[in-house]
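Per Swiss-Prot, the features are:
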type     : residues                                           : note
ACT_SITE : HIS9                                               : active site, tele-phosphohistidine intermediate
ACT_SITE : GLU87                                              : active site, proton donor/acceptor
BINDING  : 8-15, 21-22, ARG60, 87-90, LYS98, 114-115, 183-184 : substrate binding site
SITE     : HIS182                                             : site 'Transition state stabilizer'
Amino acid sequence: MHTLVLVRHGQSVWNLENRFTGWTDVGLTPQGREEAAQAANLLRDGGYDFDACLTSVLSRAVMTLDILLTGLDRLWLPVTKSWRLNERHYGGLQGLNKAEMAAQYGEEQVFVWRRSYDTPPPALDPADERFPGRDRRYATLTDAELPRCESLKDTVARVMPFWHDVMAPAIASGTRLLVAAHGNSLRALVKYLDAIGDDAISECNIPTGVPLIYKLDASLKPLEHFYLGDAEAVARKAAAVAAQGKAKG
């Protein structure tokens, strides 16, 4: 049996401000740092250990992983950073407040932008400063790989080569992986692992800073999965994620 641990980054500054973040590089709030520290405590107390780590190239995930490894006394572990684990690119919505968008366009439209499988948000113009082609960390990406926006379907298409080429071979060889990433890149992995349908994935809400444990068989099929921590607290955090796209009352 293999164990895979997934952790969404701790609360970011734009999570707190309820903005669409996507590939915008924002840091963690004090609460986000505390969430990551608590996640490290849960993993340590649960007896989890790791051989290698994976994260995105966005600061909030990298910072979360650093806090996790500090708490686990494993700062020396090898870390691979990949743009393929980045958050979904929210295109022209990046930086905009979700509740304000719900008030302007309606909660149903914002739900479609946030949670539908194959409907992308408005695309960025390549001249827009938010376009990733203007960021040196993506200098090696081809024009086809640089998103102007992404649906979850697009995010799945980006993440799955990383699963097949990097993650699955490592897990199959016995490597214990710790992955610190983002709500939608993790939803892409969860959709694949649990064979969740295109419509049903809209109900999957991954809370910040809570370890999600997968127990996998020899063929890397899930035997079980569960969150570490108090079940009611985890459910409240997941419900808060679902409510982010509602207009303020």
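The backbone N, Cα and C atoms fix where each Cβ goes, and this holds for glycine too.
Listed in sequence order, GLY22, GLU150, SER151, LEU152, ASP154, THR155, HIS182, GLY183, ASN184, SER185 are the same-chain residues six or more apart from ARG88 (substrate binding site) with CB atoms under 8 A from its CB. Counting in whole angstrom, GLN11 (substrate binding site) lies 14 from the residue listed as 'active site, proton donor/acceptor' by their C-alpha atoms. Sparsest Cβ environment among the binding-site residues GLY22, GLY183 (other Cβ atoms counted within 10 Å): GLY183.
Sequence-distant contacts of GLU87 (active site, proton donor/acceptor), defined by Cβ-Cβ distance under 8 angstroms and a gap of at least six in the same chain, are THR21, GLY22, TRP23, SER56, LEU58, HIS182, GLY183, ASN184, SER185. Within the set of recorded positions (ARG8, HIS9, LYS98, HIS182), the lowest number of other Cβ atoms found within 10 Å of a Cβ is recorded at LYS98. Classification of ARG8 (substrate binding site) by DSSP places it within a strand. Distance from the CA of HIS9 (active site, tele-phosphohistidine intermediate) to the CA of LYS98 (substrate binding site) is 19 Å.
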